Amino acid sequence: MAFWTAVLCALLASILGGLYLLGAFRRRRPTEPPLDKGHIPWLGYALDFRKNSAEFLKKMQRRHGDIFTVLIGGYYFTFLMDPLSFEAIVKAPRAKLDFEAFAVELVTRVFGYHPCKNDHKIIQVSSTKHLMGDGLVVMTQAMLENLQTLMFHNRDSGEERSWQQDGLFHYSYNIVFRAGYLALFGNEPGTGTQSEEKAKERDLIQSEELFDEFRKYDRLFPRLAYAVLPPRDKMEAERLKRLFWKVLSVKNSREKDNISGWISNQEQFLAELGVPEYMRDRFMFLLLWAAQGNTGPSSFWLLLYLMKHPEAMQAVREEVDNVLGEAGQEVKPGSPVINITRDMLMKTPVLDSAVEETLRLTAAPILIRAVVEDLNLKMANGREYALRKGDRVALFPYVAVQTDPEVHPEPHTFKYNRFLNQDGTKKDFYKNGKKLKYFNMPWGAGTSICPGRFFAVSEIKLFVFLMLSYYDLELVNEKEEIPPIDVSRWGFGSMQPTHDVQFKYRLRI
Ligand code: HEM
């Protein structure tokens with residue numbers, strides 16, 4: 001009898017435990033945000049969220065207002081949709097809201113890298129030194145040289161004087177990815193003129209191959225991150241991961257010239273902390289992904305918007321020509337390639353606004369923090385909400401602010417000078433009559449803000465600068481509409497189009 005009682009108790013306990021895990025007992029407490037668990041136990045709204053996060057969140061916002069908690073794949077996410085209240089999340093101390101807990105899981109799954117507790121600090125220190133200030137001057141120069149090698153390697157062959165055709169997304173992503181990769185991870189070594197030419201040739205070939213493999217991984221990435229890859233794609237992702245670990249390995253990098261301080265410093269820091277070499281190889285893959293997965297797509301969108309908006313193209317072209325003129329440079333036949341310095345890139349308010357506008361429309365990260373201890377969240381309207389330990393808090397600025405018509409009128413229209421006042425100074429943005437601190441958040445915010453943002457903007461601007469200075473650009477079909485955003489990638493940074501757009505380019509001189 002006692003035996004059967006024990007079995008019954010164990011059964012009951014496991015059923016109750018199972019139901020608890022499935023979220024059956026969770027009820028909204030009086031001070032908590034509205035709770036919506038959906039209809040599927042444990043999964044909650046995972047399928048709707050995964051299908052189109054932006055549409056799902058807009059629907060929830062209409063239903064529940066500016067703060068709500070939803071169940072997604074076993075986790076309770078509280079979404080805060082009021083940008084006036086973002087500060088409370090962004091500035092919360094790590095002891096209360098932690099961004100790393102979530103990142104650890106993702107990074108292990110997608111890069112095979114097991115984070116150590118100093119990673120974030122190492123990234124921050126190296127980025128401040130090498131991707132900002134004086135470090136950025138060096139990186140801008142390296143990026144420029146590699147862009148020029150890739151874009152003009154057959155300049156004298158006469159080939160580029162006639163119209164060339166390509167997909168604009170493919171072209172932009174390819175060039176910006178490869179130039180960024182070479183600027184960060186170094187070039188093939190070459191000594192003497194002959195072998196220098198050979199080294200450049202090897203750079204061209206190797207970076208092209210790497211880009212092809214990167215794109216394969218890129219396409220798998222959203223489903224890999226959500227852990228929903230079918231077995232065959234999972235195997236392919238595994239193959240690609242191993243390939244990147246090998247190509248970017250510490251051992252291979254020792255053979256390179258011009259490896260950036262950003263890469264070598266971080267590798268050295270990890271080595272000093274005793275992180276084994278095979279794990280450092282994996283970290284390099286993480287860095288490649290973070291550094292090269294967004295800038296190419298963003299460059300594509302910017303060029304496309306400029307081509308679809310002649311008044312924007314004209315304004316940016318004029319600015320680029322003026323900056324070149326002021327620096328005493330001109331693009332003319334037989335002249336050496338132009339030199340674009342960091343200083344020159346600081347004198348382009350119109351291009352800056354066009355970049356910012358492009359990112360507003362096409363960069364859509366989701367910021368996620370784990371709630372480390374129970375806490376009260378104070379909203380800008382004075383209301384307070386209790387957040388539970390173990391839940392997650394999330395911001396999706398693309399919906400909450402970047403496309404809010406009150407903050408950015410006609411939010412889905414590209415306006416190249418949206419971020420500028422008449423006198424060329426930077427504009428302020430308001431909601432409910434209050435000035436917003438967070439009105440565009442392509443880089444995230446707070447401790448997890450993108451440490452490569454200044455370099456990223458330099459990369460995009462250099463690319464556009466060169467494209468506009470050297471080439472006439474036209475869409476093959478001028479009437480072609482701007483393609484929609486691929487909604488499967490919401491939350492991962494720069495969005496990609498559902499399909500490419502054919503364009504033509506020809507040397508202007
Ligand atoms: C248009 C281009 C880019 C966009 C839109 C972008 C956006 C972002 C965002 C939204 C995050 C994380 C936010 C979060 O988790 O809260 C991030 C992280 C990061 N980004 Fe960027 N990024 C870009 C380019 C770059 C470049 C060029 C580099 C480096 C050369 C870079 C390096 C990193 C790194 C290392 C992290 C992780 C930081 C950490 O975990 O401590 N990014 N980026």
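Including glycine, each Cβ sits where the backbone N, Cα and C put it.
Annotation source TrEMBL lists substrate binding site at Arg109, Asn294, Arg392. All protein chains included, Arg392 (substrate binding site) registers 20 other Cβ atoms within 10 Å of its own Cβ. In the three-state DSSP classification, Arg392 (substrate binding site) falls within a strand.
Cys450 (heme binding site) has a Cβ environment of 20 other Cβ atoms inside 10 Å. Under DSSP, Cys450 (heme binding site) is assigned to coil, being neither helix nor strand in the three-state scheme. Residues annotated as heme binding site in TrEMBL: Cys450.
With the fewest other Cβ atoms inside 10 Å of its Cβ, the least crowded of the binding-site residues Arg109, Asn294 in this structure is Arg109. Rounded to the nearest whole angstrom, the C-alpha distance between Arg109 (substrate binding site) and Cys450 (heme binding site) is 21. Recorded residues Cys450 (heme binding site) and Arg392 (substrate binding site) have their alpha carbons 20 Å apart, per Cα-Cα distance. Ligand 1 lies under 6 Å from the Cβ of the following binding-site residues, listed in sequence order from Arg109, Asn294, Arg392, Cys450: Asn294, Cys450.
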